[in-house]
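Undergrad: I am attaching a structure below and will ask some questions about it afterwards.
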Amino acid sequence: MNKPTREEAKEAVRTLLRFIGEDPTREGLLKTPDRVINSYMEIFSGYGKDVQEILNTKFYDTYNFQDLISLEGIKFTSFCEHHILPFNGTVHIAYIPDNCIIGVSKLARIVNIFSRRLQIQEKMTVQIAESIQESLKPLGVAIKISAFHSCMSMRGVMHDNSVMNTMYYTGIFAEQQKYRHEFLNFIAKR
């Protein structure tokens, strides 16, 4: 796939403006193509980042810690790959280490990388969990994402208070219900 130039991308924005009945040469829209491209570069910056690079910094001196570690309430905004409309919500991550841990900010960075791509919530849930599982090789990973989807509120069925929840478990969380319950009870108290 050949990546379009910045000028080609700006022309595509002008084409979309004409498609919806706007005049891209009117004063209020003259700089819009450039602004859209700048915002897309920021919004979709996850494509230029490698999650495994973030997960390379591990700590092996865990004092034999083999209990639940969680980071709750990680806010995100992403864009659905079907309509390129935003969906935003909260991610809760937990894992039980085997012999290493990562810095707490790394979990939030993982969410940032995957949410700054065209996504569907189900795929993002799996990607976050599997990247942690692959890198840290913990006893298990648990993820819950709750999100509001603009493609449900701005178009189609027009339901603006619907929340979509996805959960994904690996290892001990997938195998033993008691660990899933511990995770869900832990985040329910939030």
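Cβ atoms are placed via backbone N, Cα and C, with glycine included.
Keep in mind it's a predicted model, so treat the numbers as computed, not measured.
Feature list, courtesy of Swiss-Prot:
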type	residues	note
BINDING	Cys80, His83, Cys151	Zn(2+) binding site
Undergrad: How many other Cβ atoms are found within 10 Å of the Cβ atom of Cys151 (Zn(2+) binding site), counting all protein chains shown?
TA: 16
Undergrad: Name the secondary structure element type, per DSSP in three states, that contains His83 (Zn(2+) binding site).
TA: coil
Undergrad: Show which residues of the chain containing Cys80 (Zn(2+) binding site), separated from it by at least 6 in sequence, have their CB under 8 Å from its CB.
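TA: Non-local contacts for Cys80 (Zn(2+) binding site): Pro86, Phe87, Leu118, Gln119, Ile120, His149, Ser150, Cys151.
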